[in-house]
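Now, the feature entries from TrEMBL:
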ACT_SITE  Asp226  active site
ACT_SITE  Glu338  active site
BINDING   Thr424  Ca(2+) binding site
DOMAIN    618-708  domain 'PA'
REGION    755-855  region 'Disordered'
Amino acid sequence: QEHAYPADELMPLTCRGRVRGQEPSRGDVDDALGKFSLTLIDTLDTLVVLNKTKEFEEAVKKVIKDVNLDNDIVVSVFETNIRVLGGLLGGHSVAIMLKEKGEYMQWYNGELLRMAKELGYKLLPAFNTTSGLPYPRVNLKFGVRHPEARTGTETDTCTACAGTLILEFAALSRFTGTSIFEEYARKALDFIWEKRQRSSNLVGVTINIHTGDWVRKDSGVGAGIDSYYEYLLKAYVLLGDDSFLERFNTHYDAIMRYISQPPLLLDVHIHKPMLNARTWMDSLLAFFPGLQVLKGDIRPAIETHEMLYQVIKKHNFLPEAFTTDFRVHWAQHPLRPEFAESTYFLYKATGDPYYLEVGKTLIENLNKYARVPCGFAAMKDVRTGSHEDRMDSFFLAEMFKYLYLLFADKEDMIFDIEDYIFTTEAHLLPLWLSTTNQTVSKKNTTTEYTELDDSNFDWTCPNTQILFPNDPMFAQSIREPLKNVVDKSCPRGISRAEESLGSGPKPPLRARDFMASNPEHLEILKKMGVSLIHLKDGRVQLVQHAVQAASSLDAEDGLRFMQEMIELSSQQQKEQQLPPRAVQIVSHPFFGRVVLTAGPAQFGMDLSKHKAGTRGFVAAIKPYNGCSEVTNPEAVKEKIALMQRGQCMFAEKARNIQKAGAIGGIVIDDNEGSSSDTAPLFQMAGDGKNTDDITIPMLFLFNKEGNIILDAIREYEAVEVLLSDKAKDRATIFKGKMIPNYIIDSNLEMESMDQKLPENDSHKQSSEATSASQDVRAVSEEPEEGESSAFTDPESLSPADADSDSISIPNQDSSVPGTDEASAPEPACTQGDHQPQEQKTETESNSKVNWDNKVQPMESILADWNEDIEAFEMMEKDEL
């Protein structure tokens, strides 16, 4: 409220609100922002869960008074439904509950419900398709096809986008008696069900909203599909319609048959479900153990949850994506709540105190690594600990709620949480809606469903109390074999096809053995439907057409070969790259809480080999571009020099500051407004000469991150930073030094944290769009000389379809490196958690200095923090 209201989200590093159009575009992620005070609405029922009823009452009045839903802005139908419509309905649900109790909200007369109905009508134009599947975006003021709508040309949507509407829309219909909302949501679900792949009973990730054709034919339980499955089961619980449970059970049987490879959950092709579609998993699948608890299938839930927890213990947070051998694939972590959600449900199901320890770890990591002066910052890179100026509304709507409920006793709650069901955004809808305003007739569709094992059709929900009262060691016995799955075992995911082969015949040709000059290999490729093309640039392109294979088995061998080749090519590219580095501000009043993502240099000290990093006070050099001899060496000696990008080579700057006695250097981008949030990270290249004479570390910061340091200098003359390969634990940084205990030992105490309530793709369905891997570009010379790509983007290598795949690989002596030339993927127990990174050659330019970048003054940033400090001191002795 102090820093961001009425903006949609809080930017916790710069302590201001994120207003769409005023910040650099983040692509699809910004479709969640509609200038409707998103975080405030999304957090309404969280306040009541935390027993903050007075604050809730004030927040509801603000929403009623200030929020405008008639903005000329294009928003995501999915995100607006789960966050805003769900938030209004959840707020209404707890408001009428409080009014009934007679103490609070006595003035409330359904205002939030009226706003929800208004918003519902604004979303309905998106459903104007022949299929009934909604357009992915809608203009709040002009709808979809209106000339001024600026949307309505899309042809595809994700399965979760169209299949995660029924709870909110049905609740709106049941609350208001207006049936149209529930009817539209049911029609969308019916269409997806009809279009499922009939032999596998799986659905794809994206679907054409006009034809119903699957656009992306891979299937999993993570990004793009996740909450579709969740809403089928929860729609049965909330609405009591057996058809939803039948559909869920049919899909669940297919998931456990094809996708579940305990403890892993790997995407497969819907038409060839025995073939894995990828070798990595995204973090959104962390919700699935919680859904399995609701289903009553506890064993696989415990197994997958334990595997995810081991990954978290290695990286402090769950990376956006990680490989089957548990290396980082995408390093971001936007403080997603799905793992905390599953932890809560597992504790409710088992009563095992182990899950309280898991929750405690989550809280400690949030306080230690994510808490910043104005809130909690998303992790830009879990390997370095660097931050992103982002705090999504779902952090307060879901993470706070689930962690509080995990530790809350029944007497801590002012209402019975068992009377409600959680939406995918953790909003509360009362179960009594199942018997209210049943305006939609139910159809008996049992005969449409595949005959399954009877045990899969339990017509009751699992006991929400203790499932294993006579065997408290049950969960532990399942977890125990997985304790070392990440750090020691380093298992390789085995595909179901390989599993079925057992010790049978091996694949006819492995990617690591392939040589383009070997006639025998070319013959095998031909048999598998793979053709080889020599490109003019010296690379070799492989293309697979399954229909040209000698048999269906040969076609599967060909697809497997292409997948291996993609993984091998990607692995070789990863091994050539340097990961991003971290600049951590360690002086008062930051104390290591602010971590900035920095680009590495291909010369100078290798920070990955100097784990302690380089620590020192910063000082700007003269001239600021660093392209000539430093004229203020006395100010720079034994300090970390700040300089601006432009006018000469990075290596030349490094030599000049090293000669002046600097112990390190930070180059700040001169392009005003540039940020690691929106631009690929620079990797500073040398100048084409021998750079062994440069021995100090050099890092690159974009303009936005650099201005955080420059701003600190303006407020505090002495600013000390730590240059390192990854952010250090504050206890390590200040070992042996005087520092208040609250900086090191603070716990996430809900009573004080809810003072901080100022405020994927979308966080649920498009992790792949919002979590693209961190690019690192090699930069050395003037940009006007052009850029040259060093290698093919690994993402472009992914097969688009099982029937037609292609890859381009370097032609090195007409062969792909064999076993002696290409090392196998590095196991998780060793170094090598590098993301796919793009390298380009670029140059330095421009000498303009921008000292007037407008960020909130440090005084106002710290004013609120001083209150936090007092609160931390008071709660220092408190236990969780």
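Note that the numbers count up from 1, one per residue, in the order the chain is shown.
Heads up, the Cβ atoms here are built off N, Cα and C, so glycines get one too.
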Whole-number Å only: compute the distance from the Cα of Glu338 (active site) to the Cα of Asp226 (active site).
11
Can you give the mean pLDDT for the domain 'PA' (618-708), rounded to a whole number?
90
Count the other Cβ atoms sitting within 10 Å of the Cβ of Asp226 (active site), across every protein chain shown.
28
Whole-number Å only: compute the distance from the Cα of Thr424 (Ca(2+) binding site) to the Cα of Asp226 (active site).
10
In the domain 'PA' (618-708), how many residues does DSSP assign to helix, to strand and to coil?
20 helix, 21 strand, 50 coil
Taking the Cβ of Glu338 (active site) as the centre, how many other Cβ atoms fall within a 10 Å radius?
26
Tell me, how many other CB atoms lie within 10 A of the CB of Thr424 (Ca(2+) binding site), whichever protein chain they belong to?
28
